[in-house]
C-alpha cells in the first residue's frame, strides 16, 4: 500500500512499536503486512518458515474492533514448530506428524493472544529437535540470514533466521541444550532461556518426552534485550498462572530489572572441555573489561569436571533408557544421516557398548565416554543419577554464594558453524547445556564480530583433547570474519529479571 512506510515500521524496536500500536498512531494492518511482507522475503532467502497462520488475519480484524490493548497489542509474533497452535501441525520435522493439527493453543500462545499479540507464522526445526542445526525432510535446510553457507543454529533455527533477518520482531522457541541460545548467537540476536518452569510448557512438544535430568524451557528471541523484557512482562500475568497452575505466580519484578546498583559478576573464559575460538575468548575479555570500567566487580569463577557433567548428566540423563524413546520417534522415518552412528550405538546391546568402550578408550576417550553413557539404565541407576544432579546443583550454588555473586558472564559457542557441522559436533554444547542441567536462567547477547586477527589466531587452534572433534571444530570456525559473537549472561533460578538486567548492561556497554 503506497501509504505504508515499511522501512520505518521495520526499523522500530518492539517497545516503541507496541507503544505506537497501543496509542493508535500506527494502524495495525500496516504493521502486520509490513512484517508479513518482510517475513516472506526472509523465508525465500533462508527457508525458515513452515506455515503461515491464516487465522492471524481474522485475529487482526477482531483486534481492531475490540481494541482492548494488551501489552503486545497488534504485535506480529513467530512461533517455533514444536509449540502448539490450534489447527496447525507440530511436526518436529517428522513426516508421521503431518496432518495432525493441534487441538488447542499451547498456554504460551493463549497468553500471547490475550495480550493482543498476533501469531502469524510457524518456523523450521531439525528433525527430532535433538540438534543445533536446522534441517528435516519435510521443509529442508534453513540457512543463516547473515551468511547462507552457515547454520542458523537450532533447534529454534527457523526463529533465529527469521528474527535475525528482520522478518519477525518477536519469536518463541524452546531450549533443552542451547536450542534458543545457539540460534540467537549464530544469527546475531538476543534470547532468554528462563528457569524451566517460569513460563508454561503446556502444549509444547519435547524431543525426548518425560526425561527430567536436563531441564527444558520455552523463551523469547528478539533483536534487543528491552524487547525480551517487554515480552516477559506481558507473559508473566494472571492468565499464565491461571492457565497453568504449575507455573509459580511470580509477576515480572520491575524493581530488579530497572536497578542501577553495581553488580558482582563471576566470569570464566573456558570450560576446559570445548576450547573457545579466539573470537569467543576475546568476546569475554572485552566484555569483562567494559563491565569493570563501568564500576562492576568481576570475580574469576573456576569451572571443574565439565566433561563429567556432559557425559554422566547430559548424555546419560537424556538417554537413560538407552535412547529407546528417541529411536521410537524415528521409527518409520527416513533421514538419519548425521545420526547414523548414534542410532547404531543406541541399538547395540549393553555388552557390546561395554566392549566398544574399552576398545575406544585409549584412542578416542571422549567418544568412549559417550558409548559408556548410552547404556540402558536400571531404575535405581536413574534415581541415583537424579540425586547426583541435585547434589551438583547445590555445590555449584554454594560456590556461587561463597563468591557472593549476583550474576555470571560466560562464553557462548560462536561464530556460527558451517551447515552440517553441528551434526558432527554434538560435544560442543558444553557451554549451553550446563545451564539446562543446573536449570538456571541464561541469556545471549551479541557483543562483537570475528576479526582478521581472530581468523589468523585460529590457525593455532588445537582443542583440549586434540581428537577428531577438536580438529573438526577448528574447521567449522574457519572463514568467519564479520560474523557475530555472543556471550552468555546467567543468573540463579527464578532470577530472570536480574539476568535481563545484566544482559541490558552488557548490551549497553
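Cβ atoms here come from the backbone N, Cα and C positions, even for glycine.
Sequence annotations record features per position, and here TrEMBL assigns domain 'Amidase' to 34-500.
The Cβ neighbour count for residue 80 (active site, charge relay system), using a 10 Å radius over every protein chain in view, is 29. The annotation active site, charge relay system is assigned in TrEMBL to 80 (among others).
What TrEMBL lists as substrate binding site is 129, 155, 176, 177, 178, 179. The 10 Å shell around the Cβ of residue 178 (substrate binding site) contains 31 further Cβ atoms across the protein chains shown.
Using a 10 Å Cβ-Cβ cutoff, residue 155 (substrate binding site) registers 35 neighbours. Residues or ranges marked as active site, charge relay system in TrEMBL: 155 (among others).
Sequence annotations record features per position, and here TrEMBL assigns active site, acyl-ester intermediate to 179. Listed in sequence order, the residues of the same chain lying 6 or more apart from residue 179 (substrate binding site) and placing their CB within less than 8 Å of its CB are 129, 132, 154, 155, 156, 173.
It is 14 Å from the Cα atom of residue 176 (substrate binding site) to that of residue 80 (active site, charge relay system). There are 26 other CB atoms within 10 A of the CB of residue 177 (substrate binding site), with all protein chains counted.
Taking every pair among 129, 155, 176, 177, 178, 179, the residues recorded as binding substrate, the greatest CA to CA distance is 11 Å. Looking at residue 177 (substrate binding site) and residue 80 (active site, charge relay system), their Cα atoms lie 16 Å from each other. Apart from the site residues 129, 155, 176, 177, 178, 179, the chain places the Cβ of 130, 131, 132, 154, 156, 174, 175, 180, 182, 207, 216 no farther than 8 Å from the centroid of the site's Cβ atoms, the recorded substrate location.
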